[in-house]
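Got a structure here, written out as structure tokens. Questions coming.
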Amino acid sequence: MTIKRKKVSVIGAGFTGATTAFLLAQKELADVVLVDIPQLENPTKGKALDMLEASPVQGFDANIIGTSDYADTADSDVVVITAGIARKPGMSRDDLVATNSKIMKSITRDIAKHSPNAIILVLTNPVDAMTYSVFKEAGFPKERVIGQSGVLDTARFRTFISQELNLSVKDITGFVLGGHGDDMVPLVRYSYAGGIPLETLIPKERLEAIVERTRKGGGEIVGLLGNGSAYYAPAASLVEMTEAILKDQRRVLPAIAYLEGEYGYSDLYLGVPVILGGNGIEKIIELELLADEKEALDRSVESVRNVMKVLV
């Protein structure tokens, strides 16, 4: 009897895509197909071969190939989209949204053709709007098109709390709701250190500073790098979500999900807590929010909807 190996395709072989592919292979979660445009096929093949040649040293058994041919992605269990352009000097936000939306639609058509049963994870920014664009183009059930930002934003939140308290990140739990931007909503009230509410451990003004740093977390990395944006933490976040799906772990994680009345919103993708498993989003978890938390989430939703107006 032949056992079918899991297969994950990563679209976009830049820093984030390549790092995601390598981490997936290192963890032996699946065989990996790294995809980029035809003009970058040789560099993509080179990166994949370089990763594969690390397998004897790292001790992992996973096949990795680079390609520009979507036929090589056929029958993927999960497809991760990291492709897209970054905002360039002189480019408006609307231009970025319109351009990346066109890229998403083209990629999605190829995914749907070759892997009609796949679960799609979207990272490309602005991620809430891009996930919506992929969903509309794919025609997949909503639970199989998911955006990634909450795991990353929550990881940043947990990191800063860990540093503040000088405690292991393993003991820090938290949630960040809303869109992936300055209006995201880190939920202090649902965040703990070893089961102890943060509000009993960290002064209010320090918590507010941590929340603000979390909101600006991506920009902080961009400013320090000088060129480009974060990729290690985004890649690790994608891998955590992919693992939850491939292993049907039913993890409670923040993810960008399609809402149909949850939290009082409909027809948009927004970061909320979900149960993530073998079918994708198994359930959206609705938290009880205080008035100020709901107001903050409303502002975040307004920002997401403003971006979505530009979708083509």
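Glycine too: its Cβ is placed from the backbone N, Cα and C atoms.
Just lifted these from Swiss-Prot, have a look:
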- Gly12, Ala13, Gly14, Phe15, Thr16, Gly17, Asp36, Asn100, Leu123, Thr124, Asn125: NAD(+) binding site (BINDING)
- Arg87, Arg93, Asn125, Arg156: substrate binding site (BINDING)
- Ser149: phosphoserine (MOD_RES)
- His180: active site, proton acceptor (ACT_SITE)
At a 10 A cut-off on CB-CB distances, which of the binding-site residues Gly12, Gly14 has the highest count?
Gly12
If I take the alpha carbons of Thr16 (NAD(+) binding site) and Arg87 (substrate binding site), what is the distance between them in whole Å?
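Per the Cα atoms, Thr16 (NAD(+) binding site) and Arg87 (substrate binding site) stand 16 Å apart.
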Which of the recorded positions Gly12, Arg156, His180 has its Cα closest in space to the Cα of Ser149 (phosphoserine)?
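That would be His180, the closest of Gly12, Arg156, His180 to Ser149 (phosphoserine).
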How far apart, in angstrom, are the most distant Cα atoms among the NAD(+)-binding residues Gly12, Ala13, Gly14, Phe15, Thr16, Gly17, Asp36, Asn100, Leu123, Thr124, Asn125?
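Site span for NAD(+), by Cα atoms: 17 Å.
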Using C-alpha atoms only, work out the spacing between Leu123 (NAD(+) binding site) and the residue listed as 'active site, proton acceptor' and round it to an integer in Å.
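Cα-Cα distance, Leu123 (NAD(+) binding site) to the residue listed as 'active site, proton acceptor': 10 Å.
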If you count the C-beta atoms lying within 10 Å of each candidate's C-beta, which of the binding-site residues Arg87, Arg156 ends up with the smallest number?
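Relative to the other binding-site residues in Arg87, Arg156, Arg87 has the fewest Cβ atoms within 10 Å.
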Counting Cβ atoms within 10 Å across all protein chains shown, which of the recorded positions Thr16, Asn125, Ser149 comes out on top?
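When each Cβ's neighbours within 10 Å are tallied, Ser149 leads.
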Between Arg156 (substrate binding site) and Gly12 (NAD(+) binding site), what C-alpha distance do you get in Å?
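Checking the Cα atoms of Arg156 (substrate binding site) and Gly12 (NAD(+) binding site) gives a distance of 24 Å.
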Given a 10 Å Cβ-Cβ cut-off, pick out the one of the recorded positions Arg93, His180 that has the most other Cβ atoms nearby.
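By the 10 Å Cβ neighbour count, His180 comes out on top.
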Just checking: which of Gly12, Arg87, Arg93, Asn125 have a Cα that is within 10 Å of the Cα of the residue listed as 'active site, proton acceptor', counting only these binding-site residues?
Asn125
Helix, strand or coil by DSSP: which one applies to Asn125 (NAD(+) binding site)?
coil
By CA distance, which of the binding-site residues (Gly12, Gly14, Asp36, Asn125) lies nearest to Arg93 (substrate binding site)?
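Among Gly12, Gly14, Asp36, Asn125, Asn125.
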Specify the secondary structure state of Ser149 (phosphoserine) as given by DSSP, simplified to three classes.
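Looking at the DSSP assignment, Ser149 (phosphoserine) belongs to neither helix nor strand, so coil.
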Using all protein chains shown, find which of the binding-site residues Asp36, Leu123 scores highest when you count other CB atoms within 10 A of its CB.
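Selected residue: Leu123.
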